[in-house]
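**Student:** Once you've had a glance at the structure underneath, I'll fire off some questions.
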């Protein structure tokens, strides 16, 4: 009796999940296969006429292959931000954990505050303007790094606490310099938390809409999310094309998710909760 | 004997420190000054507290306070409770838990813009799937995004849909770090599942719950992209949040006013979120 009750509860949970979470994705996908007349009915029906290749080709070719350029821009911004972020935050997180002093508590507080404080937008534009980085990829990349620094440093310094100090002492006996020691010994040991940071940050940066909107306006540097946003008004009657675009933009996060699904929970256990 | 301190060079803090200072702290600091100016980015005129007075007087501006507060409390409150229930379900012995975990977490990874677009069609008053389904049950669905009294809540529901998976994952991580012998102790005492939850799980996932509360509350206070994609603050100004007002003022070229909005958001976070954080972390129980 208890067992059958359990099975019913489980079936109910699955049914609810399907309704709430699977149907919206099915809705996007199936409508990206239809012609615009059928898609405008906004239903879940199987298409009478499949128009898969035409739809996706049209979206990709739209506005002189805008989507391809936007994808490339977003990928570049994402990769560059993550490389910088990992190096600077691993180094900083290491020191934050190993050394304790008054000035460092203040630094620690400032980084923590960065998790909560909303970034001041127009003043940031003013600063970017002043150093000639407004509307440049480099400017946006450094903004993305700055915004993600607090979270990454907290994860790194939390993880460094689990690395025994005996390693440091052994390195000292071997006469290693600090840079050499850090890059050859410590950085490889940080791999688990580095991969968590890579997954979470790359999704964040690739999906970011607000910062490109403010700091990288203009068509020639459009990012993936900005392009999608602009397509919303361009295709406000051709839902099939709009949804094809949504599907294309969901592919990169989906791939990351499939590869790192297990890592995400594991990394959270290691860092986020204890931090 | 040389000390290991020679390996811990303060210079390692510099790259992160410099980037964080120039691109985050410096703009935050100057925002206090520029919020009191009429500002064109190149030129400024000091006008004292006029921008703030305008913010509090003008109804199209101060509607953002109410909405932002409603939105943050609604979304974070629901994520805290719903995420916990989901996490309990997804750490129990059900067979489909791996599948369900993946499905619940996946929306977190999709861009807010894509989610916003999809739900603005699902919430279409006559043709949208949600109202079609409600009609099949004999319920007349509301005009989710078109009704000024409802729009902000509709966007909030979508926010919960997208973000509850993240809360769930944090809870799951917290639950997995609870040692199994704690539960065995309850078993020996003859306690049931509810006692385990009430006396072991709930107190010991406190740190995870605090992360969920703080992250989702601050996230709610700062939200911009979802509301901008779904309603642009409309109809009228009915679903404007402080963050969308900041963007509108920026678009209109009112840089000083926009920055005043930023300072107000900063103060709200400082007044609400910092004390909340301290209050919560004080009550944590150590494992």
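A Cβ is built for glycine as well, from the same backbone N, Cα and C atoms used for every other residue.
It should be emphasised that the depicted structure is a prediction, and the values quoted were computed from it without experimental measurement.
Taken from TrEMBL, the feature domain 'ABC transmembrane type-1' covers B:65-276. Summarising the annotation, TrEMBL assigns transmembrane segment to B:12-34, B:69-91, B:103-123, B:150-173, B:204-224, B:254-277.
Could you place the listed features in the three-dimensional structure?
**Tutor:** Tertiary neighbourhood of the transmembrane segment (B:69-91): same-chain residues 97, 100-101, 104, 152-153, 155-156, 159-160, 163-164, 166-168, 170-172, 175-176, 197, 201, 205, 209, 212-213, 216-221, 223, 227, 241, selected by CB-CB distance under 8 Å and a gap of 6+ residues from either end.
Counting residues 6+ beyond its ends, the transmembrane segment (B:150-173) has Cβ neighbours under 8 Å at 67, 70-71, 74-75, 78-80, 82-84, 86-87, 90-91, 101, 104-108, 110, 112, 115-116, 119, 123, 142-144, 205, 208-209, 211-212, 215-216, 219-220, 223, 226-227, 230-231, 234-235, 238-239 in the same chain.
Long-range contacts of the transmembrane segment (B:204-224) within its own chain (CB-CB distance under 8 A, at least 6 residues past either end) are made by residues 68, 71-76, 79-80, 83-84, 159, 163, 166-167, 170-171, 173-175, 178, 182, 241-244, 246-247, 265, 268-269, 272-273, 276-277, 280-281, 283-285, 287.
Counting same-chain residues at least six beyond the ends of the transmembrane segment (B:254-277), those with a Cβ under 8 angstroms from any Cβ of the stretch are 28, 31-32, 34-41, 44, 47, 51-52, 54-55, 61, 64, 68, 210, 213-214, 217-218, 221-222, 242-243, 245-247.
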